[in-house]
Structure formats: structure tokens, C-alpha cells
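Enquirer: This is the structure I want to talk about, given as C-alpha cells.
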Amino acid sequence: MKSLFKKPINYYAIGITILIIITGFVLLQVIDNYIVLASVLLTEYIILIMILLHVFDTYIKPIQKATKTMDELVKGNFRARMHHPITGSIGELSSKINALARNLSELSFHEQMQAEQFSTVINNTQSGLVLIDEKGYIHLVNRKFVSMFGKAQKDYVGYLYYDVLSNEKVHRTVQETFLYEKNVKKSFTKMNGGRQYIEIVGAPIFNERNILKGAVLVFYDITELKKLEVMRKDFVANVSHELKTPITSIKGFSETLLDGAMEDPESRKHFTQIIYDESKRLQSLIEDLLTLSRLEKEDSQLTLTEVNVSQLIEEIKPIIEQYAEQHHINLSMKCSDLSFTADYDRVKQVFINLLTNAINYTPANGNVALSVDETDENIRIEVRDTGIGIPEESLPRIFERFYRVDKARSRNTGGTGLGLAIVKHIVDVHEGKIEIDSEVNKGTSINVYFPK
Ligand SMILES: Nc1ncnc2c1ncn2[C@@H]1O[C@H](COP(=O)(O)OP(=O)(O)O)[C@@H](O)[C@H]1O
Ligand SMILES: [Mg+2]
């Protein structure tokens, strides 16, 4: 009934009243009895009002509801529904509007999901991305790009690329991508803490009619790759240098022998000894290089067995004891009965490399002590010496290939500069760790931990 007093209904009510008054005037001419006239008019009034209410409830009200629901849908509220009994043609309209709303809601959900996935992918790629339209305006930059070049996304988006990107190589990449309409690749360096190497690829974007619509710029941080390349070059240069020294020496002394020194028994013995020593150095260098390259092979696998530490120490004892004796070093080797799972030959190599270092870098009458014990998770191997020690600034570098604190001393001991690099590699592939503590002229202690 309340809706009866709403605006549209009011007009109909006024219309009905006017109709009743007109009917009243007409009937007044034929009916003299006022009571009869009044009851006729009242009956007419009631019938008309009932018809009006029926029309209103059946047609006008549902259309109002439909309009309201549509308004909500237009505003983007896809959860709006029309509530109406599903009978007659208005019922059909109601269920169609609701189906439309459901479809829109699903569609917008999918669109939202896709947009979220798209932005997750864009923002989490490990390369910087910039999207530029055909006029040169930036439409999108991702998180990685911002972390590479600083500022915030809003400082790039909406601006011309040459106003916000200062690098000349970037400008040239964009220009050439637009000019040649194909992928363009360039690289440049920038200072970002250290030197950063960046490769940039510009790729044109075409619409379905093959008209250029813009370009995507992809920025790759290739600093690590460059570092590896430099390391590889350094390694080749180092190896060549290390090989050259003994070979030059062997060649020189054999030439001297051939030139006549052979006749003098003293020189002959002396030079042959040098040739022998140098070829031994060459041999250990090649052996160490082969060990390293075997360790580095990606498919190289550890031969895991139960390593009994006492047994391993018994095995290396004769060689190490003899070596220590030659260098006049007091050697002590302590170990309780321990075993753990590891690659036996490689662990043996770790023991030998650490012990020979300790003996090599400890002056005569010094002490070298090996002890092995265990913690909850690890087997700990400690090699302690009272030797020359390692200066603090060299500590981070001693595991690098060919790094020696004192080149001449290392060479005299027959060292290749690869011993600790091999140790580090072996420990890494076993997922262990190394701790080193050293003081110049006091001694060094190296702790190696292998997981049990
Ligand atoms: N116990 C130690 N005491 C002093 N210096 C050491 C010790 N172990 C290693 N070093 C230093 O670390 C360098 C690298 O060791 P390593 O890789 O075994 O090569 P090297 O063939 O020279 O022994 C050595 O040249 C030496 O300067
Ligand atoms: Mg060594």
C-alpha cells in the first residue's frame, strides 16, 4: 500500500479521481438518488484502484526493480540481483537480468585474476621491463627495473622515455627498434655500488594489422656472467703462466746440458735434479688441475661410503709423518673412533692438503696437530700449526685458485696454489663449511666441518 502514495501512483490516483468526478457529473443527469449514485461511484472507484494496484504490482514495480538492478550493474556492482518470483514474462526478464549479472561477475573475476597474474609475472621477473608506446611514452615499468635504475614507478610511467631515462645506449636501442622494426641488443655498464653490466634488448610490438604500436625494453643484469667470463680468462692466463715457468726451466737446463754441461759430472747432477724437480711440479700442477676439473664437472657424482676416520688417518700417516720429519716438524694426530658418510678419496685429499700446508708453512721445530671430533650434526677436522700465519687481508682470498700469500715460498714448497681451492670445492660439494683462524707469526687453525 505504501507504494500507492509514491509519486507515479499519485498521478494515477488523481486521474482516477477526475474520472470519478466526470462520471459523477454524467450520472447525475440520469440518477436522482444520491445514495445510489454514491455507491455506484464508490464501486467504480474501488474497481479502478484495484486495477491500478494490480497493474502497478505486476508491471511497474518489477520494471522499477529491473532498472535499479541495471543501474547497479552499470556502476560495476556485479553482485546486484533482481528478486522477483519466476513467473510470467517479467519473471523471465528477472532471471535473464540475474544471469547477465552472474556472467558479468564471472567475467570481471577472471579479468581481475588475469590482471593480478599478469602483474605478478611482470613484477617478479628477474629482468627489468619497460613498455613504450609508438609516441615514446612509457606505459609500464616493473619492480626489477625500478630496483636497477632507482626512483619509483610513478616517476617513469606517463613520461617520454628520453626525459626519464638518461642512458644514451637506451635511447639508441629504442630508436633502432622503431627504425628497423626488429629486435635490437646492446649492452652498457653503470655504477651501482660496484660496476654493473647490463644487457638491453628492444623488441617491437605490432598490432593485428602489423602496424608498429610500441616497444618492450628488457634489461638483463649480466654482472655475474661477466665476472665468470673474467674469472675464466684469468684462470686460462694463470694456468698458462704456471705451466710456462717449469717448462722454461726444463727447456733451459736441458739446453745447457746439451751445450756441454753434460761433460761436467757436478753440473750434470745439479741440472738433472732441477729438471726432475720442475717436472714433478708440472706433474702436481696437472694433477691438481685435473682434480679441480673433475670436481667441477656438473655430472660428477660423489661416491658416498661410510668413512672411518681412524682408518683414513692410518692410511695417510706414513706419507705425512715422513713429510713432517723432512721438515723437522713435530706432528700429532688425534682421533677417536668416528665415522661419517662421505666420498672417501675426496675427504682423504682434504686431510692431505691441509696437513701439507700446515707443514709447509711452519718453520722447523714447529708443531702441527690434527684432531677430529664430532658435534651433534658435524664431524669437525681441525688442523692447527705454529707457523707463519696468514695476514688478515689475505684470508678471504686463500681459497681462490693460484692465490698465494708469498709466491716464492709456495713455489719452494712445491705448492701449486690450488690446494685450498680443491679443499673448498670438496667441502662445498659435501655441503660442509670451513672456518679459519690465523695470526701472522703465531700460527693457523683451520676447521673443516662435514655433515654426518
Ligand atoms: N697453514 C698455513 N699457514 C700459512 N699460510 C697458509 C697455510 N695454508 C695455506 N696458506 C696460504 O694460502 C695459500 C694457498 O694455499 P694452497 O691453495 O694450498 O696453495 P699452495 O700450493 O701455495 O700451498 C698458500 O700459498 C699460503 O700462502
Ligand atoms: Mg697447498
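Even glycines carry a Cβ here, placed using N, Cα and C.
So TrEMBL has the following annotated:
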type	residues	note
TRANSMEM	9-28	transmembrane segment
TRANSMEM	34-56	transmembrane segment
DOMAIN	57-109	domain 'HAMP'
DOMAIN	114-187	domain 'PAS'
DOMAIN	182-234	domain 'PAC'
DOMAIN	238-452	domain 'Histidine kinase'
Enquirer: What does the DSSP secondary structure composition of the domain 'PAS' (114-187) look like, as residue counts for helix, strand and coil?
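Expert: Across the domain 'PAS' (114-187), the residues distribute as 38 helix, 16 strand, 20 coil.
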Enquirer: To what whole number does the mean pLDDT across the domain 'PAS' (114-187) round?
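Expert: Mean per-residue confidence for the domain 'PAS' (114-187): 94 out of 100.
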Enquirer: Mind tallying the domain 'HAMP' (57-109) by DSSP state, helix then strand then coil?
Expert: 41 helix, 0 strand, 12 coil
